[in-house]
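Straight from TrEMBL, the features:
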{"type": "TRANSMEM", "residues": "A:12-34", "note": "transmembrane segment"}
{"type": "DOMAIN", "residues": "A:62-280", "note": "domain 'ABC transmembrane type-1'"}
{"type": "TRANSMEM", "residues": "A:66-87", "note": "transmembrane segment"}
{"type": "TRANSMEM", "residues": "A:99-123", "note": "transmembrane segment"}
{"type": "TRANSMEM", "residues": "A:129-148", "note": "transmembrane segment"}
{"type": "TRANSMEM", "residues": "A:179-198", "note": "transmembrane segment"}
{"type": "TRANSMEM", "residues": "A:258-280", "note": "transmembrane segment"}
């Protein structure tokens, strides 16, 4: 067999593999959307859940998912930013740093259900916070931190060393160089990572079942005082998210049309996650053009 | 097979008290871990002149240059004295950030910040407390003119510095350094990544700049050293072998190793 023929066969095989991967994705997406979208309506998106008669909506769950996401990001971004900057710029190359790195790797490979159980035992039971948005947000932070830290570290490390030397040679301090010169260049990569991890957090169920809870008490969307028990912003109320809701409808749904409702909720979830992915790309490239002043 | 040369026979010039010096090193040694990269460098740099540091790769010339503004601090151990305005700036208690504002540096590969041309100049100035708008505008124009870049970019100061050509980027880096109003400018092979036309522009810029600054330039290109420098130091395997006026070095090298290097019969 000559080289040209071998090359052709290899190309065909590789193309085929890629086609399979893309095919699976499109099949999944199409299946979920076709099954779910016909049941999606405005009242479904905004209405309150009724577990019995099957007319229920996912309004509260949708809000809970976004609220939990925002809280999780508020906690995890500052921590992972600090950790990422430390690892990329300040950590010396020694056993302590490699210990930190392996700790982060272990944390990222913890099964999310274990993280959820840990959160349940520590926050919900031991600290008596109960099933709540805040318990869920902390559990999701554990789950989110390693990925985000890695992403930030890698984005920073990808900035050429010559940029750091340029900053230092002008008499800028290391910190000033880091924040004013390196971070802006790394920002598009960091933002892309943050938005992608937001998609993962948004779709997470297992870690939330035991922390944020499986009930979505009807909240008063006219009350925005976070201290009030009925306020949607109250971080100490139980908050079933969309992903948990899908899981629950499929395991203990009582409505006769539970399957259709969960298909519709799945379609909404998938669309949200796709939007996060799309948003990551658009925002990343927009920021890159902004910070580098290239139009 | 590399020829062996004795490190005992060197020809290093010194200057009398009449010559005003910008910078002087005494027994400067550099160690990378256990690797002794620079042995006892005793060089003095006259003010407002261009001094070229030449030598083969690995001869220690870049290592030496980077020690002068303490850029080697985090990666190497540097011993000996570096005299600048009567102060030994190799002391641990010296403010290295302050030193680097007085001794600027331009690197081998153009490394403009991923910001606009304007911000490339103003970022470090602002960080050092120059906030006045008129002064910033003046400094931008003055430094870009100094680096012979003004005419090419004056209408596009808000464009990304990354959109400039390699030669323009390198002149922007020179402008960025001189905007800090240093006394000494260190250049580490500034033309090695540039084409011949850009190289000529940078060289013309340097010849113009020596009226205001003391310039120390590392170069691989002996023609370049001959074209622009007044003094020339030849480095070999971590030793300064010869330091003479450039004319002398290229017409009448004092020791065999320099002679061989310059005539190309090295190794």
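Glycine is treated like the rest: Cβ placed from N, Cα and C.
Keep in mind the model is a prediction, meaning the values are calculated, not measured.
Using a Cβ-Cβ cut-off under 8 Å and counting only residues 6 or more beyond its ends in the same chain, the transmembrane segment (A:129-148) has close neighbours at 64, 67-68, 71-72, 75-77, 79-80, 83-84, 104-105, 107-108, 110, 112, 115-116, 118-120, 123, 193-194, 197, 200-201, 204, 207-208, 210-215, 234-239, 241. Remote same-chain residues near the transmembrane segment (A:66-87) are listed as 97, 100-101, 104, 133-134, 136-138, 140-141, 144-145, 148-153, 155-156, 178, 183, 190, 194, 198, 201-202, 208, 212, 232-233, 235, 239, 241 (criterion: CB distance under 8 Å, separation of at least six residues from the stretch ends). Most Cβ pairs within less than 8 Å of the transmembrane segment (A:12-34), among stretches A:99-123, A:179-198, A:258-280, belong to A:258-280. Remote same-chain partners of the transmembrane segment (A:258-280), defined as residues 6 or more beyond its termini with a Cβ less than 8 Å from a stretch Cβ, comprise 29, 32-33, 35-40, 44-45, 54, 56, 58, 61-62, 65, 191-192, 195-196, 198-199, 202-203, 242-243, 245-246, 249-250.
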